[in-house]
């Protein structure tokens, strides 16, 4: 079987998996709806003429709770996985994670500022208040990443190694600042902060969804266009340059894409670990290192995995909910160990 | 199909209900997201209406058998809807706001009561709960009784202070094994200490870690310890083991380390507060005759 046939089959398989995950995410939840009602409500939502009799509850739960949640999971999963591919390509290291350039810790710092200081700050217009947390997380992520990128630049060149180290240093610094805010927090804000750090797709609403959807769409359309350049980068920076790719521009674009994508994802759903690390890895194991397959396949797999993890999060303790970061880490960490041990053998 | 029809009828019924007109409109399926609010619902005779509670509702123990909706700030809309409630009760801390909006859209009435540890908040809460339970007289009686007990407590403290000075109190909150946190001046713990007749020593806000040295320097007459996992003498033994610096204080030398249940401090004034205050003040003023706890809750 040729490589292209295999990768086409993988993409088809992942596409089917994603459709299945979306369906499960719409059909399952703590409220048990008859399958037929779910189906009819779903058909009505896409505009097909189905009788509305007896569908009020199904439409409400599907339309107002499960659909926004599913869209959120879809966007967050795809963006995190794509950013993971971009970072692993940029650092030419399969253990790289979007957090390396400081976007996660910057977002966490922004969230800590919003949660702890936001309450006492006052003066925030009431209309803006529900968005304060997301806004601060997004700005924090983008800001710290910009700083990491700036520190990595010297004489018009971006040193990836310096960026990596700057990322570690700024992550530590952000950690210290978060610690300071944690110290100043009272009991209840402390718990909000803890929960935010574990991520959740809970409480998704259309009003807060669209900025992320736009970013996710842009990143998913744009990154695959750089697949060839990323492939060339695998050979080394100078090799890629000799092959005619603008390496400096590529680096800048990769960092910007990651900061934008992860920043928006984290702002909408909190910190969700391991998707960005494990999904590209998993796909690479099956499909090989070609970014033309790796990028779309990772986006599909990341979205599916996050939706399935969210199903566990909302069903395991129903009517209460498990933070989704716990679920992804519980799946991700053992898998990561398995990869490490397998590589050693 | 019958179940859906029932749920639907319920939904339509709730959507079209014109507020609190008559007894037939009273909410029958309650979800409570607040420890002391759940306690009050039980104290006012509404326990059989509860169909779910949050993770802070631990008292009375029978509530733990109900489905848990998780932490009050991280409620999940669908999980709560699965319990088919017509009322969600909680404090200002309840959230996130989008989930509350979704629940409201699904026809769940949302009652937000105050969790402030002060009597006016309690008065308003009990009045509202009485209306919602359809028994305002019982709520009024309970409130009057509660206030009378707080009143007697205050008088008792006044009496005791004639003969003995107010003890200087350090309130520590901790998990076993970690260094404890000291309760600051604006906390429910400080309210508790003051109303039991003690003087809270700390000057900071909230609950903050406190160093062994500052504990020794404060040299409290009494240490009050609230631990989440151990109770009574076990908690005190563990505290002394984990914080040897305490041993040099007057409190430890005089054997005046007192344990209180930390769930008393969460979510405003609960029904167990007067009794706990009486117990604590008896520890503060060992020489005074203890306050008689006559008429307890009906």
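Cβ coordinates are placed from backbone N, Cα and C, and glycine is handled just like the others.
Here is what TrEMBL records for this protein:
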TRANSMEM  A:71-91  transmembrane segment
TRANSMEM  A:98-119  transmembrane segment
TRANSMEM  A:131-151  transmembrane segment
TRANSMEM  A:163-185  transmembrane segment
TRANSMEM  A:205-223  transmembrane segment
TRANSMEM  A:254-281  transmembrane segment
TRANSMEM  A:293-313  transmembrane segment
TRANSMEM  A:320-341  transmembrane segment
Q. Given pairs 6 or more apart, does the transmembrane segment (A:98-119) have at least three Cβ pairs under 8 Å with the transmembrane segment (A:163-185)?
A. yes
For this session: With pairs restricted to those 6 or more apart in sequence, evaluate whether the transmembrane segment (A:163-185) and the transmembrane segment (A:131-151) have 3+ C-beta pairs under 8 Å.
Result: yes
If you count CB pairs under 8 A between the transmembrane segment (A:71-91) and each of A:131-151, A:205-223, A:254-281, A:293-313, A:320-341, the winner is A:254-281
The recorded stretch from A:131-151, A:254-281, A:293-313 sharing the largest number of CB pairs under 8 A with the transmembrane segment (A:205-223) is A:254-281
Across A:254-281, A:293-313, A:320-341, the most C-beta pairs under 8 Å with the transmembrane segment (A:131-151) come from A:254-281
